[in-house]
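The domain 'ABC transmembrane type-1' annotation in TrEMBL covers 26-308. The domain 'ABC transporter' annotation in TrEMBL covers 342-577. According to TrEMBL, the feature transmembrane segment maps to 21-44, 64-86, 136-159, 165-184, 247-271, 283-306.
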């Protein structure tokens, strides 16, 4: 992956949007130049108002210059509002684009890629980090032209009024530069700590919210609170340090500015007394000094938020620069036929940095019109096998063939259209029963939805609700029982009517009677489908055509239940332990 120096990362993220936003940027620059020019012209008019009008008691002159100043102030106000609106539009366009890019990239990630970042970190990068970049873009677009013109133009015009107080401006600028550089250098590492701590806090919070019932059941609330408190305290301490540095910065700037104004006032008084300056010129000089320092202050604001934006940009760049571990070939091959045959050919899988492989030299075939059971204890590699068949991950050795072709040679999207998947944890989305089922087939009619529900033995509880298919489903299906969630997930897979079904422990929350009815319904409705069921419950696959027994990531037995009872020790042990637990 190409490495970027930190100072260039933010620019590399924003560069693609410059051409897209060229006209708004040009308009913004023109408006800012006009508004700043009017602001710089105002002190000149103020000096004339004092020296030519007030000092000489010339009412007509006062009225004339006053009207001009009011008109210029109104125009300047309109231009400033327009610049703010344009700056807001530009920054929100950039943030929307970045969020879309991050979301699309994350959508290509495999399970390994997700594990590398963590869900909490990806959420933070998509929201908080993008917001930091949006904030700095807004500040840049609203001050990038204004601040330099104010500083340079104010300095030139102030010197034109009188060169004698000019050293005060130089000393003030140097002091401000030193203060800003020293404080900002201390802030940069603190921002990096804050972003990492937010990731950790999000991760802990997600774990504890999703596992609230388990935590309460085991009385571990104090442990959970301690974990949360540790990260929360770290974030609070770091934020406090950054806050103190910001307070120091925002205190030092007006302190130096006020001292400079007092110095100018003192020098100006002496010059007026000696006849080298007029009162109006002193007022104009102080106004120019205020504008110069305002430009410096705005630039300081940019400098203070820039470090955090750079950290956020680096974190966003990490996501966008990540090459997905699973990629579709540029010239994918489509199978000549869709017979639904799934073959594992000496398939092995080892995760990076793992001491032992998850799967080793696994070979077997799953044929259409048959049910293949994958049986094994926890950690035996059952779920991993299904993930390989769905190409959620790729094997490190060997291959998985579907419809006669290596999965790695096929287009993943086409492969998925031929599969119905039920995950170990049914992934129901917030919405309704119907909206969840139509994830499997957006064009499915209500009659097709009821048919799928009937096969999954879910018609009873759906029909019992007055809302029927429009019954509300909470995110994750939290308002449904475990068995109801599993049956909805199974119906969602059935609605597609694919050739291949990958079912990961799909009956674990069902009672034996319901499980039996569901399996009978599937056998009757899908006589020609390839069905693969991964489970540790022997009853779920006892009547399967072929049972593959896994142990330690290897095949330790294969055959039907009767054959395995005679030839496979692990099968007999599973059968014995489960018969005793009934």
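Along the chain as shown, the residues are counted starting at 1.
Backbone N, Cα and C atoms are what each Cβ position is placed from, and that goes for glycine too.
Where the annotation comes from TrEMBL, it is an automatic prediction and has not been curated.
When Cβ-Cβ distances below 8 Å are used as the criterion, the transmembrane segment (136-159) is approached by residues 10, 14, 25, 28-29, 32-33, 35-37, 39-40, 43-44, 83-84, 86-88, 90-91, 94-95, 165-166, 169, 173, 285, 288-289, 291-292, 294-296, 298-299, 301-302, 305-306, 308-309 of the same chain, each at least six residues removed from its ends.
The transmembrane segment (21-44) and the transmembrane segment (283-306) are in contact, since at least 3 Cβ pairs between them lie under 8 Å (pairs 6 or more apart in sequence).
The predicted model assigns the domain 'ABC transporter' (342-577) a mean pLDDT of 89.
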